[in-house]
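Asks: First the structure, which I've put down as structure tokens, then a few questions once you've had a look.
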Amino acid sequence: MPRHCCCFVFHFLLYMLLINIVKNNIITAFSHRHQALRERKNIFSNSPINYIYYLGANKHIYSKFSSVCEQKKLAHKKIAIKKWGIERNEKKKFTISLNNYNKIQQSKFMSKMVKENKASTKNENKCSINNTQDIRNFMNLKKEEKDEECDEKTKQDNNKENIKNETIVQKKKIDKNNKTKEKIKTKSETNKNTNITYPSIPKSIEKRWADYKKIIEYAKSTNVYLGAHISASGGVQNAPINSFNVSGLAFALFLKNQRKWESPPLTEENIKQFNENCKKYNFDKNLILPHGSYLINLANPDKEKREKSYLSFVDDIKRCEQLNIKLYNFHPGSTVGMCSTEQGIKNISDCINRAHKETSNVIIVLENSAGQKNSIGSKFEHLRDIISQIDDKERIGVCLDTCHTFAAGYDIKSYEKFEEVMNNFHNIVDSKYLKAVHLNDSKSDLGSGLDRHENIGKGKLTLDTFKYIMTSKYFKNIPIVLETPDITNDESVYKYEIEYLYKMCAKEQ
């Protein structure tokens, strides 16, 4: 046999031996793993504690398997990954099994404790049954003691009530004379609390004319001209009609939308109908008091904003000239906290002087304010200082609002105090500048600084306040305009208040 054939046979045998060795190692590894899994299942089913020892004792199985893979460089990476996943899942299962095992032990322990407690409670119940009669007797004694105490307290309370009743009877005998005085004092207060029913405006024109003629007779005898701030919806020409319906001899109105900067101008038809209605119902145009827009603030230190207010201000005055109205009332304004009151007063007076030059004959009327923060006009001195800086003194005046006056700190609740306030006004401002009155009751207290109007007889002011206005020399032949809330929503409240005030004035005379 040749030499090279022998070498080939030798190498072939060696190669076959190596293959058999590798196969045997792999088979043994898998067989060991299979056995390990079976043992793990058996051990895990018995108790989780034995499984701990199993994991520690059989780590060499996986190390052998991995070493074989590394030595032979086989492409079994997936097998290694599966091995790692098996270990992780086994650990999770082990933790779950431990938790379950602990819960089982706790439940067994608790069941033992419950059994022991039941046994103890049975013994206690036997003892308690014997003692229940003693406890009931003890509780009955306590109840009897409490009942006795309650009886004593009721007797004491009855004695106290009898003593109080005796003292009240004695006080009634003593205070008979004082009661009559208190009744006289509280007459005005009871009038405030009574629910007043306001009659509606008559539907027939004849009845309206009859009521209107009665008011004219009152006005002629007293020289007091009452009216209200009435609606001008649908056009200024409707204002005289609405004033006639409430029996007003004077009235106030807005010549345009009081909450907008721009409004359409008056048409020739508006002006014509307004003049015709004033003649029809015998209105004196000297007793008409238009009210300026709420947006106007001539005291504003900002030049642009003050100019915007001024243009609206002058537009109102020119509308008064178109309607041949002689008075125009407005709120002086506020410093807005951006300048001093002196500077605000100067801004107001400069705007009025400028408006006088651009218009002809309308008298600009300053309304006193309630004393809100930064407002100008709450003090008589403010009004005096504005008037002192006006060039044309014949075209400036003042409107006193009773609610604002009271809220600003001037006490006008009694006849005597109102007289003092008006004398003070005469000395500081001069009563010749008093051109109009806004007649309102006040919801707010004296000196509160709050502008809160109320219906006549329902606020903080007294009937003496309104009697003084109806009879005092300071308020003759000027427009006295109600600005009370229209609680009836049809202005019939103004008709009632006008008639009420005139009748009160007639009784005083």
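Residue 1 is the first one shown; counting continues down the chain.
Each residue, glycine too, has its Cβ placed from N, Cα and C.
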Asks: Could you look at His382, His404 and say which one Swiss-Prot places alongside Asp451, His453 in the Mn(2+) site?
Replies: His404
Asks: If I go by Swiss-Prot, which of His291, His426 binds Zn(2+) 1 at the same site as His331, Glu367?
Replies: His291
Asks: Can you find which of Glu321, Glu342, Glu483 Swiss-Prot lists as binding Zn(2+) 2 at the same site as Glu367, Asp401, His438?
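Replies: Looking at Glu321, Glu342, Glu483, the one Swiss-Prot places in the Zn(2+) 2 site next to Glu367, Asp401, His438 is Glu483.
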Asks: So which one is it: of the binding-site residues His331, His404, His438, His453, which has the fewest other Cβ atoms within 10 Å?
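Replies: Checked His331, His404, His438, His453; of these binding-site residues, fewest Cβ neighbours within 10 Å: His453.
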Asks: How many neighbouring Cβ atoms, not counting its own, are there within 10 Å of the Cβ of His291 (Zn(2+) 1 binding site)?
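Replies: There are 22 such Cβ atoms around His291 (Zn(2+) 1 binding site).
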Asks: At a 10 A cut-off on CB-CB distances, which of the binding-site residues Glu367, Asp401, Asp451, Glu483 has the highest count?
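Replies: Result for the most crowded candidate: Asp401.
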Asks: What kind of secondary structure is Asp451 (Zn(2+) 3 binding site) part of, going by DSSP in three states?
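Replies: SS state of Asp451 (Zn(2+) 3 binding site) = coil.
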Asks: Looking at the binding-site residues listed here (His331, Glu367, Asp401, His438, Glu483), whose Cα lies nearest to that of His453 (Zn(2+) 3 binding site)?
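Replies: The answer is Glu483.
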Asks: How many Å separate the Cα atoms of Asp401 (Zn(2+) 2 binding site) and His331 (Zn(2+) 1 binding site)?
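Replies: For Asp401 (Zn(2+) 2 binding site) versus His331 (Zn(2+) 1 binding site), the Cα atoms are 11 Å apart.
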Asks: Look up Glu483 (Zn(2+) 2 binding site) in the DSSP assignment and report helix, strand or coil.
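Replies: For Glu483 (Zn(2+) 2 binding site) - judged by DSSP and reduced to three states - the answer is coil.
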